[in-house]
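If you look up TrEMBL, you'll see 1-41 marked as region 'Disordered'. Positions annotated as domain 'Peptidase M12A' by TrEMBL: 43-227. According to TrEMBL, the Zn(2+) binding site annotation covers H130, H134, H140. The feature active site is assigned by TrEMBL to E131.
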Amino acid sequence: MGNCPAPSIEENEDDEVMRDEGSGWQSSNRESSKSKYRQNKHVAVRPDQLWPDGIVPYKMDHALDYNQSTIKRAMKTIEKYSRIRFIERTHEDPFLKITQANGCFFSKGNIDRPRLSLGIGCESFGTVLHELLHAIGFHHEHKRPDRDNYVRIHWNNIQKGNESQFWKLKEYEYIWSDFPFDYESIMLYDSYAFSKNGRKTIEPIDGGNIPRYDKLSEMDKEKLSLL
């Protein structure tokens, strides 16, 4: 999570059981882009995580009742910028099970039982929004195939066992290549995420820090509009 909580909390995106001011970027041809992405079977990067007709049935554990308002606010934010709609499950399958397991992560698991965990330490709006974006198919910005042109990964500073959080995607796994790298994306880790020694794990190629974002960037919104 570019917006990950405490670095000690692991987000397991790879488990097979998987700033509003804007950056000044605008799509050169918004309508044609929408058509392209909506027709592309690989839209939102991971087609197996897409939801029929953009409807995401969900069931939330009662253990999360205390944070229900934040979770629903994050859902409403996604709905505002996309055709995605979250509905409380009655009988639908598959559905998104939102639990309070150990950590903040989305796991696709069995195809009929995708799971989103919002454990202790994962209560903030930005973290919830980040994880919900994973659940509808978004990858980390720092995992895009061309990321080495934009950020530097300091492998020696990463907590052992969390190296996979920084592995690059294959070209065929990523369809947002015509978007510039987004240094303000909520899907981008902050500079000290998963650090084992208090030193940077990721930084812009020209130096500096990546802060922790808790809201969608303009490009995040644009990508959502293509779903």
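Sequential numbering from 1, following the chain as shown.
The backbone N, Cα and C atoms fix where each Cβ goes, and this holds for glycine too.
As the structure is a computational prediction, the values presented were derived from the model and not from experiment.
One residue stands out among the recorded positions H130, E131, H134, H140 for having the most other Cβ atoms within 10 Å of its Cβ: H130.
The distance from the Cα of the residue listed as 'active site' to the Cα of H140 (Zn(2+) binding site) comes to 10 Å. H140 (Zn(2+) binding site) falls within neither a helix nor a strand when secondary structure is assigned with DSSP, and so counts as coil.
Note on the domain 'Peptidase M12A' (43-227): its mean pLDDT in the predicted model is 92. Annotation note: H134 (Zn(2+) binding site) sits in a helical segment as assigned by DSSP.
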